[in-house]
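Peer 1: Before I ask anything, let me first share the structure, which is written out below as structure tokens.
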Amino acid sequence: MPPKKFKDLNSFLDDQPKDPNLVASPFGGYFKNPAADAGSNNASKKSSYQQQRNWKQGGNYQQGGYQSYNSNYNNYNNYNNYNNYNNYNNYNKYNGQGYQKSTYKQSAVTPNQSGTPTPSASTTSLTSLNEKLSNLELTPISQFLSKIPECQSITDCKNQIKLIIEEFGKEGNSTGEKIEEWKIVDVLSKFIKPKNPSLVRESAMLIISNIAQFFSGKPPQEAYLLPFFNVALDCISDKENTVKRAAQHAIDSLLNCFPMEALTCFVLPTILDYLSSGAKWQAKMAALSVVDRIREDSANDLLELTFKDAVPVLTDVATDFKPELAKQGYKTLLDYVSILDNLDLSPRYKLIVDTLQDPSKVPESVKSLSSVTFVAEVTEPSLSLLVPILNRSLNLSSSSQEQLRQTVIVVENLTRLVNNRNEIESFIPLLLPGIQKVVDTASLPEVRELAEKALNVLKEDDEADKENKFSGRLTLEEGRDFLLDHLKDIKADDSCFVKPYMNDETVIKYMSKILTVDSNVNDWKRLEDFLTAVFGGSDSQREFVKQDFIHNLRALFYQEKERADEDEGIEIVNTDFSLAYGSRMLLNKTNLRLLKGHRYGLCGRNGAGKSTLMRAIANGQLDGFPDKDTLRTCFVEHKLQGEEGDLDLVSFIALDEELQSTSREEIAAALESVGFDEERRAQTVGSLSGGWKMKLELARAMLQKADILLLDEPTNHLDVSNVKWLEEYLLEHTDITSLIVSHDSGFLDTVCTDIIHYENKKLAYYKGNLAAFVEQKPEAKSYYTLTDSNAQMRFPPPGILTGVKSNTRAVAKMTDVTFSYPGAQKPSLSHVSCSLSLSSRVACLGPNGAGKSTLIKLLTGELVPNEGKVEKHPNLRIGYIAQHALQHVNEHKEKTANQYLQWRYQFGDDREVLLKESRKISEDEKEMMTKEIDIDDGRGKRAIEAIVGRQKLKKSFQYEVKWKYWKPKYNSWVPKDVLVEHGFEKLVQKFDDHEASREGLGYRELIPSVITKHFEDVGLDSEIANHTPLGSLSGGQLVKVVIAGAMWNNPHLLVLDEPTNYLDRDSLGALAVAIRDWSGGVVMISHNNEFVGALCPEQWIVENGKMVQKGSAQVDQSKFEDGGNADAVGLKASNLAKPSVDDDDSPANIKVKQRKKRLTRNEKKLQAERRRLRYIEWLSSPKGTPKPVDTDDEED
């Protein structure tokens, strides 16, 4: 409540003396008293309001009088003639312009008028409107337009609108050009003025809706409808709901007229211009809704072409001062940005949009971007999002030196990943000044140096690429020139719709834009449909569109792919298609073209969709691919057989549906031709090694007499001799077309005639083998060198191993081990002995089926030897990546990688270790657990309940045993030898595993954020690790999951069985560098000589059940792009001349340093006597005898 000495405004005004010159209005406010004016009607003393009432009555302004006024209006051109009427003697003072200031003036204290126009105001706006209409040029629809302001109901308005549309339907008027000629947009702009009656404004929207419906389906006449969008959007902010609804209907009708590509290239720029204008915020909200609808209705690849123009405008809207508009603008921008398919950026879209809206988040955003391993190709849409943030970071005065360092690194990385210079051309002028500023002003030399490198990359001159070479994307000018050149050749018959518009600039511009965008996204089918609709549906016009337009455009885009000549070969496949997996688009509107007898190498990064493409072909799911009756395809891949594993080889192949008519003799002959003798054919499928299983698949393909062989990593499990055989087989059969996915560069060099490369969701074709491809595309040099420039892996350092102070001490050992599988006639391994240290870099080599994997399984404890013993340090942790990576995750396809790792280690132990054969408790061993033993401690026989502790005892350990039915205070410490002697070896081993795992996990937090960081360290993107089920991952991504799982508990030894099988070249290089720089021991089985030769100085040759250890003088570090690391573990020159393991009798190889014994006096006398006698003996020896060395060792 206000203090009493103050009055509210109403009380204050009531207390004021009455002004004789002002008269109160019943609607609020005051009118000037006409009696106070010299030139007014002073004959009456009534109030101004009463005077107005009398004026209205005297002017016959009742309904009947107004109708009379309307009826007389048609006889006059404007309101100036109204001064001839007797009842309006005073009306000539206004001349149709409303009240003059001398007769009506709003008082300073008069509140604003309501939104509802008074009768006089409506009359005034109608007067103004009709005057403007009369000043326009006369057109066939002028008379109908002029009657709309006179209509009393919406029905009357619709009748006039119907007449207007009928006028468009008359011969000669049915072209959209009449919209411009009759200046309909100008008329409607006057209709929607706020002072006009709502009926007139609503009629304007109905005219737009009806015109849009009339021209719908008549391409390219919709080009003339574009100006109507601004008129309709302006009316969205109208105060009358009927007008708003009509405006929304008009916008929907307009949008329905345009084809999809026109929405993005023609309509969207108009909406963006409207958003940049000074329109009302309600109208801009409607414009954002139009943007959302275009986003929902259009293809993503078309929308990506608009990012450069759309993102800045939508960012401005998202930062508008009007809260409602800014909120909707932010949502629209985020949804718009999210259509971009970029795995590197997709987890950070929200942060990017937040940064665009709020510049204070630039440091956080730059820090996040600097931690991204950019792998996906960088395109114009990606740069449209990142360049504004990077540019702001470069120019902010508050940017720290660390932030500038991160920014210039991101700029350099992005620029290097741009395959097409045109993608970044428009952004270089934005980035150059900021980078140059950092070069000139940065305080740290390191930042200046990095900025200099980024500057050089930005300024790189690529004139060689520009010389007479198509840039890969049509510009609008090029599209226009192409259209005009080909329109000259058109046969304009009666069915050709475009004939009247061939010289019309509006239509030419419209068609040029559509031709350009459809060509740039390679959507030839949609472009052909549009041009056919424009030029007519006759056979001659269809042929003209297909040959003159589509064929010539495709030739322009595929210059490097020569079309078939007589001597090139027979074309067997030529189809356009798109390929998606789940929600991810792998290939978008690309072309697959195969020639008979050619061998195509399919190259691309992990997850690009190489195997998915081949599987789609094999399953008949690829659009346009010939059916199996026309073209036989056979998909050859290495796969695990489940219930079929117990079948013999002939029966296994005979089960194939396509080989039902093939005799068993023919099957046996085919198997014999690929190396299966009678003894091998008698084996079961499950007993075959990986290499023989692959040969089995190849034999099946031969029997099917396939026209196209689809080979997915055919050399993965083949030894050198079998790879040679496969190469010769493919080279000999020139009638078979092959599509090959392989990361073996030597194999691709030998067999390929063409390379198909994945580039920005398209298939690019290169003639020649892999070497020729690298010459044409130097950035693909990673196929010949091991580099981590495109992908990185980092392994956690191994933990401390108790008692092992030297990296050359043995930590795992096999002694005289013999092993044979159940039912086998001869042992797989016989009398094998070997040992490993923390510095070991061992390659296990040998032919398929020689027993390499068996040796590794025995060493890691997956198998138990029949004879001999396998010993290892009790705390030794081994990370094992099996030959078939899927076997680790086969039962967890529904889990994400993050969830799988949590499951695997949630109880502190590695669950995969517990599944090994050496850890499983047999029935006999379970029975033994109930056996009571006596350890001679005076308490008699007792049964063991569990082992609960461990401590050192001499050169071994003793274990704390909890006895069944005895309290913990009666626990006993029992030596390991005693427990093993009584048969509790697996119980001891289980506890050792638990202790080793606990020690390794001591520094690990099993929480999602830490696990995500661990996956990123091994090269798996966080988005995939956290949100993609394992069943949806590619082979290369699954291998990374298995590697991450094996490395989680910081192992000391890493055992890799065919690690290169599923990895692409980038990931292979990253793995090689990670192994080289890791400080633990490594054992690997691999037929990849390049990989093994660059890493392993020691080799174990396994053949015929025997193993031979062999050392090499040096490793070939030239395979690494960075020249190698001479200081890497296991590769130092000092280690090459001697074995990597110092052997002794201890399983843990913990040598105890002997303490030097002090000699007694008698011992010293005896020592001196020995030395004297030795010296005398030397003096009496022949001349030239070397002097013996004094030593305390009696034997010496």
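Placement of Cβ uses the backbone N, Cα and C atoms for every residue, glycine included.
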Peer 1: Scan 1-49, 50-98, 883-931 against Swiss-Prot and say which stretch is down as region 'Disordered'.
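Peer 2: Region 'Disordered', as annotated by Swiss-Prot, spans 1-49.
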Peer 1: Look up Thr1160, Thr1191 in Swiss-Prot and give me whichever carries the note phosphothreonine.
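Peer 2: Residue annotated phosphothreonine in Swiss-Prot: Thr1191.
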Peer 1: Look up Ser384, Ser443, Ser519, Ser721 in Swiss-Prot and give me whichever carries the note phosphoserine.
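Peer 2: That would be Ser443, per the phosphoserine annotation in Swiss-Prot.
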Peer 1: Identify, in sequence order, the residues in the chain of Lys852 (ATP 2 binding site) that are 6 or more apart from it along the sequence and have a CB within less than 8 Å of its CB; answer 'none' if there are none.
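Peer 2: Expected: Cys844, Leu845, Gly846, Asp1057, Ile1085, Val1102.
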Peer 1: Hey, how far is Ser611 (ATP 1 binding site) from Pro847 (ATP 2 binding site), Cα to Cα, in Å?
Peer 2: 27
Peer 1: Between Ser611, Asn848, Ser853, Thr1191, which of the recorded positions has its C-beta surrounded by the fewest other C-beta atoms within 10 Å?
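Peer 2: Each of the recorded positions Ser611, Asn848, Ser853, Thr1191 was scored by Cβ atoms within 10 Å; lowest is Thr1191.
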Peer 1: Including all protein chains displayed, how many Cβ atoms other than that of Gly609 (ATP 1 binding site) lie within 10 Å of its Cβ?
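Peer 2: Within a 10 Å radius of the Cβ of Gly609 (ATP 1 binding site) lie 22 other Cβ atoms.
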Peer 1: Counting Cβ atoms within 10 Å of each candidate's own Cβ, which of the binding-site residues Gly846, Pro847 comes out highest?
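Peer 2: The residue with the densest Cβ neighbourhood is Gly846.
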Peer 1: Of the binding-site residues Gly604, Arg605, Gly609, Lys610, Pro847, which one has its Cα closest to the Cα of Ser443 (phosphoserine)?
Peer 2: Arg605
Peer 1: Restricting the comparison to the binding-site residues Gly849, Ala850, Gly851, which residue's C-alpha is spatially nearest the C-alpha of Gly609 (ATP 1 binding site)?
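Peer 2: Result: the closest of the binding-site residues to Gly609 (ATP 1 binding site) is Gly849.
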Peer 1: Where does Lys852 (ATP 2 binding site) sit in DSSP terms: helix, strand, or coil?
Peer 2: helix
Peer 1: Other Cβ atoms within 10 Å is the metric here; tell me which of the binding-site residues Arg605, Lys610 scores highest.
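Peer 2: It comes out as Lys610.
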Peer 1: Cα distance, Asn606 (ATP 1 binding site) to Ala850 (ATP 2 binding site), nearest Å?
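Peer 2: So the alpha carbons of Ala850 (ATP 2 binding site) and Asn606 (ATP 1 binding site) sit roughly 31 Å from each other.
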